Amino acid sequence: MLRRDYPQKEEVSKRARKGIKLSMEDDSSVPEIQGESTCPLLDEQLPRGKVPGFCSVRWGLAVILHISFLVAYSQRVDLSIAIVAMVNSTGQQTSLNVSTDVCPGPSPAPPNTSQPTEIKAPVYDWTPETCGFLLSSFSYGYLITQIPGGYLTGIVGWKPVLGTGLLLSSILSLLLPLAAELGVVYLALIQALRGLSQGVIFPAYYTLWTKWAPPQELTCLMNFSDAGTTLGTFFTLMVGGITCQTLGWPAFFYIFGGVNCVWCLLWFFLVFEDPDSHPCISTTEKEYIRSASTQKGHCHSWSLPLFSMLKCGPLWAIAVAYFCCDWLFYTLLTLLPVYLNRILHLDTRESGFLSAPPYIGNWLGHIGIGLLGDFLIAKNLIRLGAMRKFFTALGMLCPAALVLTVSYIGCNYVLAVILFTLSMTLISMTGAGYAVNLLDVAPRYAGFLHGVINTLGNLSGMAAPTVAGFLSSQDTLSGWRHVFLLSGAINLFGVIFYLGFGRADVQDWARVESTP
């Protein structure tokens, strides 16, 4: 177990005599080095009442990012809901009614009369294995640009990298119907290219908050922005099923892709690289953010302390937690509509509609945990490292147990949706755990390291749908039980590893040099 070095008594008493309250950096055991003050800038430099709160530029940026992640994740789940309408499922269910391990399916007549509008769109004879490959092909491309994207944002800035990736992904969405018509290989290629485009988004996003987020507001700002991912999933699942059924699945991609392209073009005029370049920010807020960001250090140069990074146990703890939690998350993200359609035999509209509640729960959970995390730290109710570990364990173990329960309740789709909703709500607790831990451990290299760690983590995004496709190839309850059991075992391992090696203090190699 790693030990934490606490401030000396003389240092603590000296600060107490000055009336200075310990900040998050004090709680995380960050000593003063080379002129860097670890005293809370909020108490020392700016009166709290004069610092803009929710009506501020930094919170306006969080709202813009919230919408941008809505756009990004609408493109990550659009195929998950559309594939239900794209695949000819009637031929795959004929041999399942002889088994007691499946839910009773609808009679052959209703599909021909209740869904006449789907005839206008092409339908393909894809196997569950093919569907799993197509859904995971996004991750094949997503892996490649994580590290280059994180490295590039430290050199040229986050704005051009994030904006370009979002725009290219939106344009590629318009080509997806044509690719599906050409064949599975072309569709997988477009999915991989969309992954390539979006792979740079989150590394750039982590670099962004090293310039814009005061330490006291980091958890809240990041979780509010991140909540756009689940709101995008919720909105796409709600609207996507209806759109695919009434207008056809090609129209679904054309409408969403077109709207997303318009937003991406507007985005370039709304965001700015840092507070110094923003034309409308107040002097008070600029000084508040600038002072806080200099504590964390500037972006890295061309050289990186790679050997020190490889030896860092806390970084490995974050990477393992990412991989394990993402396994369950991507299983639900890509396959929940498929489960509702093929196991519970809900149609396209119903599976899309009932797949949405878990994500509105996750959206609310992200916002709530951000507020709760910053509140606990501000009131000194829990140490930063302990909070990271507690919410990581809560957000990984409870969802895994709830999802596993789904496979034992039979064909009760109402109870299944309730359990999925609780699972996705609780998984948002990791937003105050390992998900923001990089900015505690190595804020100066957050963009690059997130690219590396997210690459490792998203290997699960590539593997989970494919493995689930093979385990559930017969569309039986027992097959999906194996899918959920595997996810639970992987999450348990991730929690144990993170509790053993996770920390929340800035590493020595990640501090700012004293020389320019």
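Cβ coordinates come from backbone N, Cα and C, glycine included.
Taking TrEMBL as the reference, the stretch among 64-87, 184-207, 448-471 described by the feature transmembrane segment is residues 448-471. Within the chain carrying the transmembrane segment (360-378), a Cβ under 8 angstroms from the stretch's Cβ atoms is held by residues 24, 27, 216-224, 226-227, 230-231, 233-234, 384, 387, 391, 421-422, 424-429, 431-432, all 6 or more beyond its ends. Per-stretch counts of Cβ pairs under 8 Å to the transmembrane segment (251-272) identify 161-180 as the leading one among 161-180, 220-239, 448-471, 483-501.
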